[in-house]
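Colleague: Attaching a single structure in C-alpha cells format; questions to follow.
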Amino acid sequence: MQLNSTEISELIKKRIAQFDVVSEARNTGTIVSVSDGIIRIHGLSDVMQGEMIALPGNRYAMALNLERDSVGAVVMGPYADLAEGMEVQCTGRILEVPVGRGLLGRVVNTLGQPIDGKGEIDNDGFSPVEVIAPGVIDRRSVDQPVQTGYKAVDSMVPIGRGQRELIIGDRQTGKTALAIDAIINQRNSGIKCIYVAIGQKASTIANVVRKLEEHGALANTIVVAASASESAALQYLAPYAGCAMGEYFRDRGEDALIVYDDLSKQAVAYRQISLLLRRPPGREAYPGDVFYLHSRLLERASRVNEDYVEKFTKGEVKGKTGSLTALPIIETQAGDVSAFVPTNVISITDGQIFLESNLFNSGIRPAVNPGISVSRVGGSAQTKVIKKLAGGIRTALAQYRELAAFAQFASDLDDATRKQLSHGEKVTELLKQKQFAPLSVAEQAVILFAVEFGYLDDVELSKIASFETALLDYSNRNHAEFMQELNKTGNYNDEIKDTLKSILDGFKANSAW
C-alpha cells in the first residue's frame, strides 16, 4: 500500500495532536551523611525552613538547617536503615497534624497517629503545628475561671481561661498530680483537655491514661504521647502538635485546657537536635533560640474575642469567645528556679505555682509555696464567693511562716502570737487535699467561710481533717439545693453570707466530728 505525501502529513499531524506530554518537576536531593537522627542532604535548593522532606519507606524528615550547599534535617522516627546516597525529595508542605472532636478520648503520637489500639481516628481536617499566635486586637481579657478543684490553688493562685500558669518544682513534688486533677475536674465543665507527655516512661503515660479513664475524664481529653523511647525530634514537636489540637476548639468559640508535661524535657530534646546540627551552644549548652522555643508555644494560649471566632468560622459561630489555657510544667534541680529554662518560662507565663519538696515531704500536699506562687491575671477571673472569702488565707499563711521561724528561737510567746501560730497551723492543715478528690466551688466556699469567720478556733489541730469531711457531708446532705445554686452562680452577697453562716452554726451545734 502506497501512501502519498498528503496522507503522511495528515498522519503525522494526528499523532502530534494525540501526543500527551506529562512532565513533573521534582526537587530532589541525596543523603550525604546520617548520624543520630540527623541527615545532611546535598541538593534541595528550593527547600523551605520547617518543610517536610519525603524519605524512602514512607517516612519524613524536617528541614531545620538551610546552608549554602547542603540541608540539615531531623528524621521523624527510626533512621537505622537510612544510608548515604539515598534519594529524597521536597514535599512543599510543612508538618500538619489531624485535629477535631474525633481525637477526644484517644492516645496519639506527635504526628497524630493513634497508638491506643482503638482503630482509625475520624478527624475534621489537618492543622499546621507551627501557627502564629493571635494578635493583640484578636484577644480578650481573662475573666472566666478554670477551677482546679484544689483549695490551695483556687483560693490563692486562681487560674483564668486563656491564662498561662506555670507549675514548677523538683521531681516528685506532685506537679503531674496537680495537672491531672485539674483535667479530671473539667469533666463536667465543658472544657476540652489536652495532655502532652514529653520524654516520660511509657508505663507512666499508661498509668495517667488509666487514671483519667477511671475518673471519667478521658472522653473529654486528648493524650499526645512522646515517650522517652521516641526520637528527640518527636519530643521537640509534641507540644506544638498538642497546641494545634487545642487551637481547633479555641478558634470555634470553645474552651480548652492544655498541659505540657514537661517543657524541661522538650528543651533538652531541642538542645540535642541543635548540638547535632552544629548550632553554636550558649548558656548551659542550650542554643540561642531556646527562649523563642517556649515563647512561640505559650503565646498561642490565649482568650480570643467574638470577632475572631466569627471570622475564623466564616459566620457559623457568633457571639462566642474561645480560649486555650496552658499549664506548662517545669522540673527544677534542687529547687533552683534561677536556672536558664525555669527563668525563661517564668518570664513568659502569667504566674507560677511553686511546689516545694520540703513541704511535700512534711505531708503538706499539694505542696504549694504561697510565698512565691502567684497568678498575675487570675484574680479577675476568680469566682466572687472564693475571691471574697479567700482574701485572708495568703496573709494568714505568710504571717504564720514568719512567726513559726521566729518562734523556734523564742521560749515564751504572748497569747496573740500563740493564737496566730495556732490559726496558721489550722489553715495549713485545712489546705491539705488528697489526690483525685477535687472540691466544687460551693464546697470550697463553705470551708473558706469556716476559716474566715473563726469557726476553726475551737477545733483541735488533729480534728481538722474530720471536721472538714463532716462539714462537707452535712452541707451536701442538708443544703443540696443551696450548694447547687452556689456552684452555678459563684456569687457572694449578704443573703449567701447568712446562709453560709446558718450552715456553719447548724453544723457546729448538731455535729460531732
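Cβ atoms here come from the backbone N, Cα and C positions, even for glycine.
Sequence annotations record features per position, and here Swiss-Prot assigns ATP binding site to Gly169, Asp170, Arg171, Gln172, Thr173, Gly174, Lys175, Thr176. Residues or ranges marked as site 'Required for activity' in Swiss-Prot (evidence: sequence analysis): Ser373.
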Colleague: Other than its own, how many Cβ atoms are within 10 Å of the Cβ belonging to Gln172 (ATP binding site)?
Modeller: 12
Colleague: Measure the Cβ-based neighbour count of Gly174 (ATP binding site), defined as the other Cβ atoms within 10 Å of its Cβ.
Modeller: 20
Colleague: Drop a 10 Å sphere on every Cβ of the recorded positions Thr173, Ser373 and tell me which sphere holds the fewest other Cβ atoms.
Modeller: Ser373
Colleague: Tell me which of the binding-site residues Arg171, Lys175 sits in the most Cβ-dense spot, judged by other Cβ atoms within 10 Å.
Modeller: Lys175
Colleague: Name them in sequence order: residues not among Gly169, Asp170, Arg171, Gln172, Thr173, Gly174, Lys175, Thr176 whose Cβ is within 8 Å of the mean position of the Cβ atoms defining the ATP site.
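Modeller: Checked against the 8 Å cutoff, the neighbours are Glu331, Leu355, Ser357, Phe360, Ala367.
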Colleague: Compute the C-alpha separation of Gly169 (ATP binding site) from Ser373 (site 'Required for activity'), stating it in Å without decimals.
Modeller: 11
Colleague: What three-state secondary structure does DSSP assign to Thr173 (ATP binding site)?
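Modeller: The residue in question, Thr173 (ATP binding site), is coil (DSSP, three-state).
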Colleague: Under a three-state reading of DSSP, tell me whether Ser373 (site 'Required for activity') is helix, strand or coil.
Modeller: coil
Colleague: How big is the gap, in Å, between the Cα of Gly174 (ATP binding site) and that of Ser373 (site 'Required for activity'), rounded to a whole number?
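Modeller: Gly174 (ATP binding site) and Ser373 (site 'Required for activity') have their Cα atoms 15 Å apart.
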